[in-house]
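Q: I have a structure I would like to understand better, so I am pasting it below and will then ask my questions one at a time.
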Amino acid sequence: MIRILKSDLLKLKRKWIWFLVFLGPFGVIGLQGVNYGLRYDWLVRPENDHWKNLLNDVNMLLPLTLMLGIAIISSMTAGIEHQQNAWKQVLALPVTRMSIFTSKFILNLLLLAIASLLVLIETIILGLLLKFGIDFPLIAIAKNSFYPLLTALPFLALQTWLSITMKNQSLPLTTGILLALFSMYLPLLLPEGYEPLTFVQAGVGVGTIIFFLGAIDFMKRDVK
């Protein structure tokens, strides 16, 4: 498994995918930087919890950006083999299909985890630049940065599944874009006072199920 994952990582050298991993977090935090720069006196009032408000503002853009990132990254990592017609060579290696599928999923998850870590770091940097104080709520910032990814694991598993099994990436990308747009309105459907951890647990559970369904399908499918 480690050997396959290392091989998949090597395939990403000189690929635009690393640029996207850094661009997403920078875009989300950068836009909030512009927002606060233009409306600082309105947004930063003495009676406000500045760090809490910043996290809420970041969360307005993060889910959509994450969902689009999942669709694009999953398509790009699987597209390497599709573009080179290399799936038959990959499947001919002395490794199981389960290992190949798992490696792609872990690779996508790793790239998105790096992006989430960058969101955490850049959120702290932005707050410090805005003079919110050094007593920043690290746990709250970490939850705000990583909970969306854990909640979106079903989507990640689905996109990995579709991107690997379909040579034409238009359907996986279209599905990803539509679901990303739907995610913008998802908060309106959530009950008031909902517990984020509940959705994280549901995301991990449903994501695990979809992952195994995708792996089973991949093991049976004739991938070209």
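Every residue number used here counts from 1 along the chain in the order it is shown.
Quick reminder: no glycine exception, Cβ is built from N, Cα and C everywhere.
Because TrEMBL annotations are produced automatically, they should be read as predictions rather than curated entries.
Dumping what TrEMBL says about this protein:
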type	residues	note
TRANSMEM	16-38	transmembrane segment
TRANSMEM	58-80	transmembrane segment
TRANSMEM	105-134	transmembrane segment
TRANSMEM	146-164	transmembrane segment
TRANSMEM	171-190	transmembrane segment
TRANSMEM	196-216	transmembrane segment
Q: Select the range from 16-38, 58-80, 105-134, 146-164, 171-190 that forms the most Cβ-Cβ pairs under 8 Å with the transmembrane segment (196-216).
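A: Most contacts with the transmembrane segment (196-216): 146-164.
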Q: With the transmembrane segment (16-38) as the reference, find which of 58-80, 105-134, 146-164, 171-190 contributes the most Cβ pairs under 8 Å.
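A: The stretch I would name here is 105-134.
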Q: Ranking 105-134, 146-164, 171-190 by Cβ pairs under 8 Å to the transmembrane segment (58-80), which is first?
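A: Counting Cβ pairs under 8 Å, the winner is 171-190.
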Q: State the non-local partners of the transmembrane segment (105-134) in its own chain: residues 6+ outside its ends, Cβ under 8 Å from one of its Cβ atoms.
A: 5, 8-9, 17, 21-22, 24-26, 28-29, 32-33, 36, 40, 44, 50-51, 54-55, 58, 62, 66, 69-70, 73-74, 77, 141-142, 144-146, 148-149, 156-157, 159-160, 211
